[in-house]
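Submitted below is the structure of interest, expressed as structure tokens.
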Amino acid sequence: MTAQTPTSAVTANTTRAGARGSGGVVLWTSAGFLVTVVLAAVFAPLVAPADPNAIDFGDIWAPPGADHWLGTDQMGRDLLSRVVHGARESLLGPLLLLLLASVLGVAMGTLAAWRRGWVDVLLARVTDVMYAFPGLLFVVLVIAVFGSGMTTAVVALGLAFTPIIAKFTRSVALAECAKPYIDAYRVQGVSGLVICLRYLIPNMAPALLGYLVVLFGEGLMSLATLSFLGFGAQPPSSEWGLMVQEGQSALIQGVLWPALVPGAAIALVVVAFNIVGVRVADRLNSRR
Amino acid sequence: MTPKEPALSVSGLRRAFPMGRGLPELVAVDDVSFELAPGGSLGVVGESGSGKSTVARMLVGLERADAGEIRVAGRARGVRERGRAARLRRAREVQLVFQNPLESLDRRLTAAQCLCHVLRLHGADRAGADRRALELLEQVGLGAREAEARPHRLSGGQRQRLAIARALAADPSVLVLDEAVSALDVSVQAQILRLLSRIREESGVSLVFVSHDLAVVGQVTDEVLVMYRGRAVEHGPTRRVLREPEHPYTRMLASSVPGPGWDPAEVVRLRAEFAAASEV
């Protein structure tokens, strides 16, 4: 699941972006929405109307209204406050896992493209093995060994995302290395390590950044899935995936809000990241 | 170093590329030898596929030679030497100017930064590098306005001037130009060729000018080496080779240069004659 979706998301969105031209209302709405979400997460205690963990059994499953703008959950906790506070964990998790995956993946992909030969072959095999596993299965395996928890989930997903980024980086790096300016640096006597770190990777950054933004949405969804399954964030956290899971009991009772609010948050943020990621990549690439 | 010692001496250079299992390897360069005096200028001409670019890449060390030796000022260029000192020394021996000026420049660096990076690598301090970068830019005819521009803001001719300045920044004894003016229009070509002649006079750098264009080579070189299918078929003073070509291939190339009294039909006839002769 984690392995295949990002590429299809990229191609699908690229054609659409091409049809509409870059920029425009959709991009700015998405970007504005993301900025709002990030600000809300950073200033959660100021933004949230109530304590996210304040239990009130007298007011469970309340519909949206003046007291609770988005209603309450099965323990009477304010859903808006929980979703705002949950944004912290829900956004920080993918950020950290992408940080881990991109450091490892960019290093591996660059090394493979730069050295070619057996290094490239070895990395291709490792990547193939990682691809052969459904990403989520690999993560569940890691969690089975090291135990549940947000840290394990982030590290495991980071490792699962590494080959995806490595493969993408390798293809970008191969195209970049074929350009004569890299040869020019070699003729000048610059060492391979310095060429890669100082010139090659910065020149690939535009292409990589756009891809990483799209992958951010992917990471958020995967982390939420793990939390939903009980492998990631643990109660009383208000991580969005965990909130959806807790909202299941309400769904069975015919109460929509407790699952819908965090579910919508995940969906909107992921879509926004996809749109922004693809447009950012388009713009940065066309500026070359 | 004795004054008679050639700046560049190449002997028995050979490079073959494997073409896959069961196929004979492709000999791109076969037993090419030449010498270049300090401050001299040699043209290497031939059509595409003649191996001239492979020679250029072997001279700078981007391609390894299967056999033969390249000496700069009497010192053999060992490809296997490792380490920072050897790398920098090799860079100061031979520098290369590429065909495509835009692709051969780092799009992230301004002209001044591009030069400063090379100068700093080769031991200049910050102030010295800044000063020398402006000197080099001035030497190739670029001003303070271009110094702050990134490659895509420069014209084709300005880009190639910058690429030449970058190659000179390492202060090489030999400058190799691989089709360096082929991507430029004719008037810009003439300016760059004049610039190269001036630089050669001023700095005493030796030039190896690789091109498919005999007319261009005729303007900047003292000697010319004609390559056909990896072999050097003719070697001599440029004037003589252009006026009285000996080898049929050179005759054909010379007749292909458009000019007064140029007859395309003659080119076709010579080409057919040459093709028939080389079949045997």
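Every residue gets a Cβ built from N, Cα and C, even glycine.
Automatic, uncurated: that is what TrEMBL annotation is.
The transmembrane segment annotation in TrEMBL covers A:25-48, A:91-114, A:135-165, A:185-201, A:208-231, A:251-278. Per TrEMBL, the feature domain 'ABC transmembrane type-1' maps to A:87-277.
Show me how these features fit into the structure around them.
Long-range contacts of the transmembrane segment (A:25-48) within the same chain: residues 78, 80-81, 84-85, 87-88, 90-91, 265, 268-269, 271-273, 275-276, 279, each at least 6 residues beyond the stretch ends and with a Cβ under 8 Å from a Cβ of the stretch.
Tertiary proximity for the transmembrane segment (A:185-201) is limited to same-chain residues at least six positions away from its ends with a CB under 8 Å from its CB atoms, namely 106, 110-111, 114, 173, 176-177.
The list of residues near the transmembrane segment (A:251-278) in space but at least 6 beyond its ends in sequence, with Cβ under 8 angstroms from a Cβ of it, reads 9-10, 13-14, 17, 26-27, 30-31, 33-34, 37, 61, 63-64, 70-74, 79-80, 82-83, 86-87, 90-91, 210-218, 220-221, 224, 240-241, 243-244.
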Same chain only, please: residues at least 6 beyond the ends of the transmembrane segment (A:91-114) with a C-beta under 8 Å from a C-beta of the stretch. Say none if there are none.
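The answer is 37-38, 41, 120, 123-124, 150, 153-155, 157-174, 176-177, 192, 196, 200-201, 204, 208, 212, 215-217, 219-220, 223, 232-233, 239, 269.
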